[in-house]
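Asker: Pulled the feature table from TrEMBL, pasting it below:
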COMPBIAS  1-14  compositional bias 'Basic and acidic residues'
REGION    1-120  region 'Disordered'
COMPBIAS  37-57  compositional bias 'Polar residues'
COMPBIAS  67-78  compositional bias 'Basic and acidic residues'
COMPBIAS  99-111  compositional bias 'Basic and acidic residues'
TRANSMEM  126-152  transmembrane segment
TRANSMEM  186-203  transmembrane segment
TRANSMEM  215-236  transmembrane segment
TRANSMEM  242-263  transmembrane segment
TRANSMEM  352-371  transmembrane segment
TRANSMEM  398-419  transmembrane segment
TRANSMEM  473-489  transmembrane segment
ACT_SITE  H485  active site
TRANSMEM  525-546  transmembrane segment
Amino acid sequence: MTTNKDPQDKEPGKAEQPTKNGGSSGVGIMKRLRRSASATEHNLSSLRNRKSTQNLFDQHGNPIDLRQYRKVLDKDENGNGTNGSEKKLRYRRTQSVTRAEEISNKEEKQRRAQPGRPIHRPRDSLFSWSSGFTNFSGLVNWGFLLLCIGGLRLGLENLLKYGIRINPLDWFFFISGHNEGEGHNALILSIYSLVHISLCLAVEKGLAMEIIAEGLGLFIQIVNIVVLVCLPVVTIHLKGHAFSLMGASTVCFFYSVLFLKLWSYVQTNMWCRQTYYQKNPRERRPSITLAELKKGVLNGGEEDEDVSKLVQYPDNLTYKDLLYFLCAPTLCYELNFPRTSRVRKRFLLKRLLEVVIGVNVVMALFQQWIIPSVRNSLIPFSNMDVALATERLLKLALPNHLCWLCFFYLMFHSFLNAVGELLNFADRNFYCDWWNANNIDTFWRTWNMPVHRWCVRHLYIPVVQMGYSSRQASTIVFLFSAVFHEYLVSVPLQIYKIWAFMGMMGQIPLSAVSKSIEKKLGPRMGNIIVWASIILGQPLCIMAYYHDYVVQHFKNSLNGTDYSS
């Protein structure tokens, strides 16, 4: 790019005159570029500080563009790096010019100079990875249209075979538990959770006022949340006939969420106590009163009216603060959540309409499509007829996947956004682009952000800080998730199997497989593995649980039962 001389020391006449061919043609230009690409670090730094490179020329008077060069280490005659104290730097073009390239360029120019206007040049086919072609929107439209046609055919086949099975009155009976259970046990059990919530808040206040010792308070909180999550298991096991299926599922889901929220509440307040007592070790009760906030104690007596005052520990230990957190669309507690300034009524109305319409669509798909397919899978699954069971699995995969996608949109976009809008909760990052996940790990980190953030903050990081490796911590997180997946399925159905547990623990080897495929075959194949696990894994788990549920609860009614295929 330049010699060891400063380019401004050149002769004026030679510096301003380009070559005859404009510096871009001629037989020896490639050789001249290779010979003229050396400089010292001092000269390079001065050249980089120049605002323009249009007046930089090499020793032959050819213009130089510094952006086309990269820095390489000078080597000695043996090919090793220089051993001197100051390593000299040589600058070479990013795309080095070889003798083969010179010959290729000469041949290309000779071909173009021939009569007949040549139209051929070195090119790859569009389906080759090396072609660099990425615009497959037409094929995406074709695939979507083909999927719609296939789904329409299956839907028409279902209507011709079973008729119209949709009955909104049955939906109401199922959700309300009509003719199932005794009384309102699910509602009573949900209200009883206020006892655990009140006990948690009372213990936190006692710890903040130093009425309760830290060790005793932590023991009480652990026992409280463990009893909380075990209560539905014991109650439904002892009085399962008193609960409807929908009521038992709702109770288990509610208590699972409450368990995660109270865990976060207890652990966050523990961090606040540790931080505050380190700063104020002599103060008995580290409270900051409203009067002190008004006087601007935190700002050294200077108060900024435009900046809202943050809640400090232990002023956050109130029923209002705890109930807001329990209703907020998050599992991680903070003393001060980001808040919006107003409620967008139009946005809220759209989300509520999506919830109402979407729930009806999902219920219709269940009643019309999924229930007959699941019932027809009982006999081949029980007889271990692999071919017929596989056919039933593939037949169930499409409606199940449609319901799962609808559920994802309704829960993580429509419902959680509606709740966040009502509570002025500003953090709406409930999901990321999980559909682009190239491996299983990325999918689990992006599809359910509230649970992922809770696992990282309250489980993964504390386990790593205890001295465990990141792989061991990830295994513990998957084990924890597997237990709760089994909890949410087995307890309401009252069949204590391990299919959901094994499905979640199977994600660990599947994650290694997907990463290996992504590394060897590219991210696109890794993404296909992720989609295949979602589409096929869920219906297989549904068929297994339905088989066990029918065998356990309706074993006497199976004699002579035959489902049409």
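Heads up, the Cβ atoms here are built off N, Cα and C, so glycines get one too.
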Asker: For the transmembrane segment (398-419), give me same-chain residues lying six or more residues beyond its boundaries with a C-beta closer than 8 angstroms to one of its C-beta atoms, as numbers and ranges.
Answerer: 150-151, 154, 327-329, 347-348, 351-352, 354-355, 358-359, 361-362, 365-366, 369-370, 373, 425, 428, 430-431, 447-448, 450, 534-535, 538-539, 542
Asker: Which bits of the chain, at least 6 residues beyond where the transmembrane segment (242-263) starts or stops, bring a Cβ under 8 A of a Cβ in it?
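Answerer: Cβ under 8 Å, 6 or more out: 174-177, 180-183, 185-187, 189-190, 193, 196-197, 200, 221, 224-225, 228-229, 231-232, 236, 325-326, 331, 333, 451, 454, 458, 484, 487-488, 491-494.
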Asker: Would you kindly list the residues that approach the transmembrane segment (525-546) from elsewhere in its chain, counting only those six or more residues past its ends and only Cβ-Cβ distances under 8 Å?
Answerer: 374-375, 377-378, 381, 389, 392-393, 396-397, 400-401, 404, 436-440, 442-443, 489, 493, 495, 497, 499-500, 503, 510, 513-515, 517-518
Asker: Under a criterion of Cβ-Cβ distance under 8 Å and sequence separation of at least 6, what residues of the same chain contact H485 (active site)?
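Answerer: When sequence neighbours closer than 6 are ignored, H485 (active site) has A500, F501, G503, M504 within Cβ distance under 8 Å.
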Asker: Near the transmembrane segment (126-152), which residues from the same chain, at least 6 beyond its ends, have a CB less than 8 A from one of its CBs?
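Answerer: For the transmembrane segment (126-152), the list is 398, 402, 522.
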Asker: Are there residues at least six beyond either end of the transmembrane segment (352-371) with Cβ under 8 Å to its Cβ atoms? List them, or say none.
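Answerer: Distant contacts of the transmembrane segment (352-371): 155, 158-159, 162, 164-168, 170-171, 396, 399-400, 402-403, 406-407, 409-410, 413-415, 418.
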